[in-house]
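Read the structure below first, then the notes.
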């Protein structure tokens with residue numbers, strides 16, 4: 001579940017820190033902006049990939065029926081309003097907005113939406129997750145659809161709103177495998193994609209914006225820039241130099257060591273997204289020595305999260321030691337079960353290992369230097385595990401190799417990854433039974449099923465502490481802490497919102 | 001004369017045959033290596049949260065679930081039709097992806113080699129001529145230093161000075177959709193200087209060493225004793241005879257640069273052949289890795305061949 005950004009949520013603000021700049025210049029001031037991204041997206045088909053880079057760029061081109069507002073509540077986007085849910089949570093009637101056009105000029109109808117959702121259910125990773133619960137999607141006239149469920153499943157709306165493996169709407173006639181024409185309803189349309197050079201988007205003049213005030217990803221989207229160009233700049237230091245020199249108005253995901261340089265530079269502002277995500281130590285529950293729960297508890301007891309986070313992120317400005325699955329101020333935040341977190345008690349760990357009958361076999365740890373903080377966490381973890389009496393075998397490879405090896409339960413005991421604070425717990429990758437690590441237990445089944453089947457949002461919040469308690473008891477992974485992300489923007493950008501997947505509608509430049 | 005020509009033709013044919021064998025071996029070795037290396041293009045394309053079932057489905061769509069031998073013969077069949085295959089990620093043929101990346105790499109190579117040669121050859125000649133002087137010692141130290149500097153570090157320094165502080169050049173990229181020829185050239189200045197300086201070190205050292213050998217030869221002494229000017233004696237008699245190792249090192253540097261100045265292209269975000277290969281390796285885009293390495297190897301082998309042929313032109317005593 002590596003994703004470089006996705007997160008936030010909240011009972012309170014989504015960390016949507018509107019920059020403290022003067023009010024936006026008059027709409028239509030236009031101009032062209034260059035945005036430095038971490039690399040080239042693997043595809044521009046937002047259904048096909050769960051990569052953040054894909055979602056960040058394509059959310060300007062494509063739109064979903066729903067999206068998230070500034071408090072991570074699900075709000076309508078291409079849907080006219082929130083759906084009417086009936087039949088005990090098994091029927092969703094969705095009215096569509098009228099007058100919405102695709103970039104090719106054709107009007108969006110229920111036929112396009114039904115065909116798009118059917119493709120999403122068939123090919124998108126998150127769509128397939130939903131497909132297990134959906135019995136049908138059908139048009140209800142030209143401007144409404146009906147989704148029928150086999151059983152109530154509350155995460156559906158969050159999945160339909162997420163820009164990651166997204167349920168975007170395309171013209172029925174443009175759906176193809178693989179997608180070759182990237183035609184959406186979004187505020188920007190694709191002009192040219194030169195791989196490794198730029199992705200050029202131009203303002204969609206016929207864009208039909210919502211009328212509600214903008215909030216997070218929801219409400220009115222106004223394409224002000226004439227053009228946005230997403231430029232892959234893989235070297236992080238070059239991204240820093242690029243935004244400081246003024247070549248780029250925004251640079252994504254910068255090394256935290258650059259904070260001082262950005263803070264002191266004129267014409268540029270460092271942006272800290274707090275919190276951004278959480279590194280985690282995934283344990284193999286299917287095979288090997290950690291398939292024994294007591295051994296996983298021994299790992300929990302042995303580790304010191306503070307030292308791991310300090311080694312990984314250096315400055316407390318960029319991390320927080322926190323064992324809860326969701327940070328404070330998030331609606332899902334709870335302290336249930338976290339007493340198992342942060343003990344750093346070698347004696348307790350040794351006692352648990354003895355109880356479990358540990359035979360001294362080395363713990364095989366997969367990690368990658370592609371994400372340097374993974375490697376640093378692994379190094380500190382190894383020291384603590386060895387201090388408790390574990391033998392370790394750290395195997396360092398590139399990320400692509402690791403993602404292949406982790407699929408085979410016979411090859412590893414631990415791998416290091418990181419993930420976001422996704423708006424809906426059901427979207428957390430490791431919640432899935434098939435995610436490497438294979439968290440499967442009767443207790444989990446009971447707690448998660450009750451949580452997912454409950455349609456009432458307040459009751460779901462009340463059910464989540466039990467999910468977290470079972471998580472800590474089963475110990476499928478060790479959440480190390482919360483970390484923040486650094487990006488930077490030109491001080492001339494107005495109305496830029498700091499969010500996990502940055503967007504540039506409603507944003508303009510001074511002067 | 002006819003016999004010499006016949007020998008030359010045989011030599012050329014034998015070298016060409018050898019080149020084909022080298023390339024055929026390379027195709028096979030690269031094909032096997034990229035497939036036995038762990039990592040999966042389907043997993044990369046689908047992203048970090050994809051399930052194994054999704055990955056398997058995409059592998060089947062891409063034909064990656066077939067036995068390796070079947071894939072190999074399909075690939076050979078494509079190659080024999082002049083088709084390097086289709087990129088898994090770029091949605092375009094490998095040959096077209098390479099052609100798109102050829103321009104920045106070509107100009108970067110030309111500029112870098114020009115800078116390296118313009119610095120390397122005269123400095124090497126003067127250092128040899130002034131052997132043992134302070135200038136010579138300074139050149140030896142400077143050459144050793146610049147050979148030791150990592151090109152990415154020099155690149156970052158140049159970006160800091162000339163882009164961030166002076167604002168003279170862009171930090172990265174190759175220009176946007178409306179960039180003209182000179183805009184694009186401007187994007188190449190810093191990477192070319194960074195590569196040129198690093199590569200000039202080797203040329204300086206080879207030129208100096210080669211000139212030192214030749215300057216002690218009898219024919220140079222004879223030329224001087226006949227009253228020939230120092231410039232003429234050094235350039236016309238010594239330098240001409242010192243050229244073979246110099247041309248060799250310039251040729252090899254050129255070949256290395258054409259294969260993609262991987263690190264420099266990555267630091268400067270240049271969409272060249274080097275960065276294409278790097279991203280293909282990270283994504284496990286098998287057809288691009290195979291196609292790019294084949295084309296690069298073909299160019300490398302060809303340049304080596306041309307250097308060999310050039311020896312005959314430079315030094316008529318060379319016979320094959």
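Glycine is treated like the rest: Cβ placed from N, Cα and C.
Note that the structure is a prediction, hence the values are computed from the model and not measured.
TrEMBL lists transmembrane segment for one of the ranges B:12-34, B:35-57, namely B:12-34.
Of the listed segments B:79-99, B:184-204, TrEMBL assigns transmembrane segment to B:184-204. Non-local neighbours of the transmembrane segment (B:12-34) in the same chain are 68, 71-72, 75-76, 79, 284, 286, 289-290, 293-294, 297-298, 301-302, 305, 308-309, 320; each lies 6+ residues outside the stretch with a CB under 8 Å from one of its CB atoms. Comparing B:141-164, B:184-204, B:288-314 for CB pairs under 8 angstroms to the transmembrane segment (B:106-129), the maximum falls on B:184-204.
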